[in-house]
Amino acid sequence: MSYEHCISGYTNFNENIHYFYQFAYLFTAICINYRILYVIWVSQRHFYRNQSFYNLYSVDCFTSVLAMSNELIFTRSFLYFPQLCVSFSEIVKNSPVFMRIYYCLLSYLIAIKPVIHIFIAVNRMSCVMFPVTYSQNWSQKLRIMLIVIFLAPFLVIWNVLISDNFIGYVNGGFGISYTRRVTWASLSLMQFTLIILTVLITMVTTTVTFYKMTTMKKRIKASERALCIAAALISVGFLLEAITQSFFAFFKEAPWLLDVMNYLRFATMDILFVGSPLVLLLVSDQFRGHVLGSRIGRTQRVSSINNTHSHIHHNTHHTMTRYSYFLWNVNK
């Protein structure tokens, strides 16, 4: 790493290729997250508005869209275009307000994801532990929880907010970092602590969740299993993030880490951003149906809505729906 000028010796084509293949999967993930937001907030709002899990998950999707857009437009453009390093770095260096806003926003978006996941994990546990009162309790307190989610990251990034920023040149490009005003409050150490806390809470809540599911009725167990599995799998991504943050927290001055630190950070970050929506789409047939428009999603949605009617009317309507659906398949 250099703090004075762009590092020469990097092939433009090779570095540009890194950007374009990362653009391919990150832009795809942005589109998927945008589609999920549209389903939860607009097209199927009447179905998801009272489901606290999906309300929390939509916040995660929204922050992921902002973070991935920030990565593509700024972070990785600065890093993977050596031919533009001199001109870009001069513009950024002379824009301290931009550097402050950019770095604070990036740090905030990275810090908020573990906080959201803590609430998602607790949400799944409370669903199986208190199935009768779960929905009402979370609906009443969701607004307070959202306020906590949006404010909690400031406990991690407060030193970033009051510190100065600078440009560091690495891998033919450059990145923006900060000079700690409070020397002991390292951002990497704060993020490592938060992610470790997230992993520990998730392990406890997931264990309790799966244990309680063994005592639940089969119908309820089947409906909740998908979301619980999704929350557990997403936790694996945070475990990988914890390992990466431990390198930055305890070995950041090591010469071997300087050459690979961006690749490590990008790899674990992208696993979380890209993997989270894919996991939920893979394990939940109903949600996948709404997002992708498949027939199973529409069928399950009809069944879910019909559950609000009386038992006799439900049985009659459901039978007619199945019969009409059968005739439609025969005649199509």
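Backbone N, Cα and C atoms are what each Cβ position is placed from, and that goes for glycine too.
Look at Swiss-Prot and you will find 23-43, 72-92, 101-121, 144-164, 184-204, 231-251, 263-283 tagged as transmembrane segment, backed by sequence analysis.
Of the candidate ranges 72-92, 101-121, 263-283, 101-121 contributes the most Cβ pairs within a distance under 8 Å of the transmembrane segment (144-164). Remote same-chain partners of the transmembrane segment (101-121), defined as residues 6 or more beyond its termini with a Cβ less than 8 Å from a stretch Cβ, comprise 53, 56-57, 59-60, 63-64, 66-67, 70, 74-75, 145, 148-150, 152-154, 156-157, 160-161, 165, 176-178, 187, 190-191, 194-195, 197-198, 201-202, 205-206, 231, 234-235, 238, 241, 269, 272. Counting C-beta pairs under 8 angstroms (sequence separation of 6 or more), the transmembrane segment (263-283) fails to reach the transmembrane segment (184-204), with fewer than 3 such pairs. Counting residues 6+ beyond its ends, the transmembrane segment (184-204) has Cβ neighbours under 8 Å at 107, 110-111, 114-115, 117-118, 121-122, 155-160, 178, 231-232, 235, 238-239, 241-242, 245-246, 248-249, 252 in the same chain.
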